[in-house]
Amino acid sequence: MKILYLLSAFLFLAFLSESGNAQPQCRWLDGFCHSSPCPSGTTSIGQQDCLWYESCCIPRYEK
């Protein structure tokens, strides 16, 4: 029964760091994490702190 307490604590900590609570670096750059190619009007700047299958998309600013 002791293993259930440890397992539930581990799962709680694992879900605490899921997306929505993560990606501060991408959001600080006015970006968002996207799993497919970035939408039009945005450009990819790499993975940053997104999940392994996502890239950080930021708006393209016209000059």
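Placement of Cβ uses the backbone N, Cα and C atoms for every residue, glycine included.
Marked as signal peptide by Swiss-Prot on the basis of sequence analysis: 1-22. Per Swiss-Prot, disulfide bond is recorded for Cys26-Cys56, Cys33-Cys50, Cys38-Cys57.
Locations of recorded Swiss-Prot features on the structure.
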| residue | record | CB count, 10 Å |
| --- | --- | --- |
| Cys26 | disulfide bond | 23 |
| Cys33 | disulfide bond | 19 |
| Cys38 | disulfide bond | 18 |
| Cys50 | disulfide bond | 21 |
| Cys56 | disulfide bond | 23 |
| Cys57 | disulfide bond | 24 |
*Could you tell me which three-state DSSP class Cys56 (disulfide bond) falls into?*
strand
_Please report the distance from the Cα of Cys57 (disulfide bond) to the Cα of Cys33 (disulfide bond), rounded to the nearest angstrom._
6
*asked:* Under a three-state reading of DSSP, tell me whether Cys26 (disulfide bond) is helix, strand or coil.
replied: helix
*Provide the three-state secondary structure of Cys33 (disulfide bond) computed with DSSP.*
strand
